[in-house]
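Database features, via Swiss-Prot:
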type     : residues                               : note
COMPBIAS : 69-83                                  : compositional bias 'Basic and acidic residues'
BINDING  : 105, 108, 127, 130                     : Zn(2+) binding site
BINDING  : 294, 295, 296, 297, 298, 299, 300, 301 : ATP binding site
MOD_RES  : 437                                    : N6-acetyllysine
COMPBIAS : 598-610                                : compositional bias 'Basic and acidic residues'
COMPBIAS : 611-622                                : compositional bias 'Acidic residues'
MOD_RES  : 617                                    : phosphoserine
């Protein structure tokens, strides 16, 4: 009898195991099975073992249905309505409302209801008939899940090989010359830095992946359709495990699970392999750049012009809006978010980009308030330290909600950072360090420390009468001797200065350079105003003496090239008011007009006798616009 009982229990266990395996292959399900057990001595009893219903989860894409009941893929569905994209946000309980907005079970065709959770826009629905749970996905989400998969190292190699060969530094320099006048040293530094950035991206790729990419490029292999399918299956499987509360990493809650890449990264040499290796591959490190110079000297224009001629993503970020983590303002991660946006949210491409940090001097720390938190100064510098050196930054994903916390990991190791700032008063700090008098008499010897004290001293010196040319030459001479300790005294922390090894001082603009800026480069100031007047069929003539007078006025204002536009707007205000819809065909500006001794000269078209109807504002005669009251002139 014991053998019979053992045999019976073994058969029951086998049936139970077979049923469990079958259920596991079909998904997590519930049901009832008959298990024979031993009752009283010598009798065989059969009891019904009930299991608590387990939730069954499935994942199905939502297809759009037309009015005639035909799905997007062309298959008819009879009277059953397909799941629409907008229906995942509405309640699907009951039969009221439009039939197209109701969710139906893919297995039995019965109506599904939404699962109430703390998230208002839940995607979980439940079939009341077969008690199955489903995750509603649209076609866009299905495609997005494939794109979400992290690209492998081979993809980065292919991206590097798909790009055009890097332009030589001389070609970049000549391109910058067309838009930026002067600053030859800064243009050389930026041209060489960009060229070396291209070479560093190529060199830091492992040799085996580089050879593989070259072979694939030459043989032009077939598309990665099988790989995409495999990634899709893997993503769906891990997604279902998360929903069911089973994590591949052993986490019972299944809260955070990093997506696994399709290919493994090449293993680096570790431990004894490094000791036994006769040679190591050279890994090129980046050299971040710091541009410093007076306002209006062309720092931002250099960055904007450089961004047009590059094949790598380029982002210009304003440091004045950055704050320390946890405070109101833009987070430091927004710097990489702008670069990722310029790369069209391609992570591998963004990791090879260039970031231009403008107005970096505005985040200098202010001495004397160490007992308080400098959230817009020293706190931002501390947050930028690892970003400049190279770290993995979690950037919020495109169109992601803060509640979900979806982020994209971006490695900043190969991202080149170029910082720029005016650093007003830095020349006075250098002069004090060198124990030199600054432009003669009256220089205080007990200057305070920090950027505020330096800027205040520089502003006080501007109020006095001094030779503008001598002032410019003295500042340029002192800025050429800038050292790291001068920047530290200005308010930059030593760790931040050490991560910007290349310091490039920009010289101030003299009168000759300002005259060239007015006329020579592409998109110059004078051609812009000539184009404005040409739209009203009028010419603008500015004499050489007038150009020199405008340059001298800009030098006196000490605002660099930005002062040129302010002066031109003031000079041409009356002509721009008089010319539209008039018989003025030419405006002449000479030296006396710039000095304010007379008004601009006008050349008018010869008047012709016409009827009153021809003086309409929309009528043009002989190519010249005419006003309604032109006869009075």
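Every residue, even glycine, has its Cβ placed from backbone N, Cα and C.
Within 8 Å of the centroid of the Cβ atoms of 294, 295, 296, 297, 298, 299, 300, 301, where the record puts ATP, the same chain has further Cβ atoms from 293, 422, 506, 560, 561, 562.
Rounded to a whole number, the distance between the Cα atoms of residue 105 (Zn(2+) binding site) and residue 300 (ATP binding site) is 58 Å. Of all the binding-site residues listed (130, 301), 130 has the fewest other CB atoms within 10 A of its CB. The Cβ of residue 297 (ATP binding site) has 26 other Cβ atoms within 10 Å, all protein chains considered. According to its DSSP assignment, residue 301 (ATP binding site) is helical. Separating the Cα atoms of residue 130 (Zn(2+) binding site) and residue 301 (ATP binding site) is a whole-number distance of 66 Å. Following the DSSP three-state reduction, the secondary structure of residue 108 (Zn(2+) binding site) is coil. Residue 105 (Zn(2+) binding site) has a Cβ environment of 21 other Cβ atoms inside 10 Å. Residue 300 (ATP binding site): 17 other CB atoms within 10 A of its CB, across all protein chains. Ranking the binding-site residues 294, 296, 297, 298, 299 by the distance of their Cα atoms from the Cα of residue 108 (Zn(2+) binding site) places 299 first. Distances between the Cα of residue 127 (Zn(2+) binding site) and those of the binding-site residues 294, 295, 296, 298, 299 are shortest for 299.
For the binding-site residues listed here (108, 127), the lowest count of other CB atoms within 10 A around the CB belongs to 108. For residue 298 (ATP binding site), the same-chain residues that are 6 or more apart in sequence and have a Cβ closer than 8 Å to its Cβ are 180, 181, 182, 183, 186, 506, 509, 560, 561. Neighbour list (residue 299 (ATP binding site), Cβ cut-off 8 Å, at least 6 residues apart, same chain): 186, 291, 293, 358, 420, 421, 506.
Each residue contributes its Cα atom, and for residue 296 (ATP binding site) and residue 105 (Zn(2+) binding site) these two points are 66 Å apart. Apart from 105, 108, 127, 130, the residues listed for Zn(2+), the same chain places the Cβ atoms of 106, 107, 109, 110, 112, 128, 129, 131, 132 within 8 Å of the centroid of those Cβ atoms. When the Cα atoms are compared, residue 295 (ATP binding site) and residue 105 (Zn(2+) binding site) turn out to be 66 Å apart.
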